[in-house]
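Listed in TrEMBL for this protein:
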- 22-42: transmembrane segment (TRANSMEM)
- 33-272: domain 'G-protein coupled receptors family 1 profile' (DOMAIN)
- 49-68: transmembrane segment (TRANSMEM)
- 102-128: transmembrane segment (TRANSMEM)
- 140-162: transmembrane segment (TRANSMEM)
- 168-192: transmembrane segment (TRANSMEM)
- 213-233: transmembrane segment (TRANSMEM)
- 253-274: transmembrane segment (TRANSMEM)
Amino acid sequence: ENISDFSLNITDCTQVVVPEEVFFTVAAAGILENLLVLIAVVRNKNLHLPMYFFICSLAISDMLGSLYKTLENIFIILCKMGYLTRRGDFEKKLDDAMDSMFILSLLGSIFSLLAIAADRYITIFYALRYHNIMTLRRALVILAIIWTFCAGSSIAIALFSYEAATVIPFTILFPLMMFFILCLYVHMFLLARSHAKKIASLPTSTVHQRTNMKGAITLTIFLFLCCWAPFVLHILLARFCPHNPYCACYMSIFHVNGTLIMCNAIIDPMIFAFRSPELRSTFKKMFCCAR
């Protein structure tokens with residue numbers, strides 16, 4: 001808030017404000033989509049597999065991001081109505097808790113995407129040993145480690161968010177993780193393409209696998225460049241050049257960057273969950289029973 005107010009004084013760029021109705025709509029769509037994925041996996045015991053548990057982890061992190069933005073808008077409305085103050089001790093603690101939830105959702109998303117990519121990598125390169133390598137117990141241990149690390153990191157980052165030693169590792173982590181995920185998918189895609197050249201008549205499953213690889217690579221690039229990169233850049237500029245007019249001009253679109261982050265919660269289920277035949281079948285059964 002302070003940076004936004006200051007940026008208006010040193011730049012001619014008008015601050016872009018996204019209507020609260022847009023935030024609520026996008027957040028509600030993200031919560032409903034990911035909640036639907038969680039319910040489907042819980043109800044269908046055939047989906048109690050490591051791959052779907054990793055997808056559930058991604059759904060939980062996306063739900064936290066959407067829930068954060070919903071609660072934040074509610075608190076902003078309460079401040080405008082006079083029920084909350086902007087500088088009180090309770091509001092300060094509440095703001096830190098909300099920031100921790102937001103950072104937790106971002107870290108949870110990136111590490112869940114990494115777990116999904118690693119799981120698919122093992123599926124392709126170690127197909128015969130997959131069930132010995134990626135057991136259900138091992139998957140749960142991996143998820144426990146991921147969420148413990150993300151929870152601790154989110155608290156530390158929220159408390160020391162103005163320290164360069166905190167901001168720099170946080171902003172560097174995202175491109176490194178996305179680059180590593182991209183390398184996994186590219187390696188899998190190259191393997192699928194080399195097999196395609198050796199086989200004259202490709203089975204449908206192989207063609208479908210190659211299509212999924214292309215979609216995964218495109219998705220990884222899209223998520224980072226369109227959804228996360230603008231927000232990460234905002235954090236860097238707010239820390240290292242808040243007094244620069246050009247940096248302040250970019251920071252005037254902070255609401256737009258926040259909306260792009262929230263759109264990530266809508267895109268993830270469409271790619272990782274709704275394209276799964278097993279999950280689609282479960283959704284159909286759920287809706288038929290509801291009717």
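Positions of Cβ are set from backbone N, Cα and C atoms, glycine also.
Automatic, uncurated: that is what TrEMBL annotation is.
In summary, the transmembrane segment (140-162) lies against the transmembrane segment (49-68): three or more C-beta pairs, each 6 or more positions apart in sequence, are under 8 Å. Highest Cβ pair count under 8 Å relative to the transmembrane segment (49-68), across stretches 102-128, 168-192, 253-274: 102-128. With a cut-off of 8 Å between Cβ atoms, the residues of this chain six or more beyond the transmembrane segment (253-274) that come close are 4, 15-18, 22-23, 26-27, 29-31, 33-34, 36-37, 40, 55, 58-59, 62-63, 65-66, 69, 106, 109, 116, 215-216, 219, 222-223, 226-228, 230-231, 234, 280, 283.
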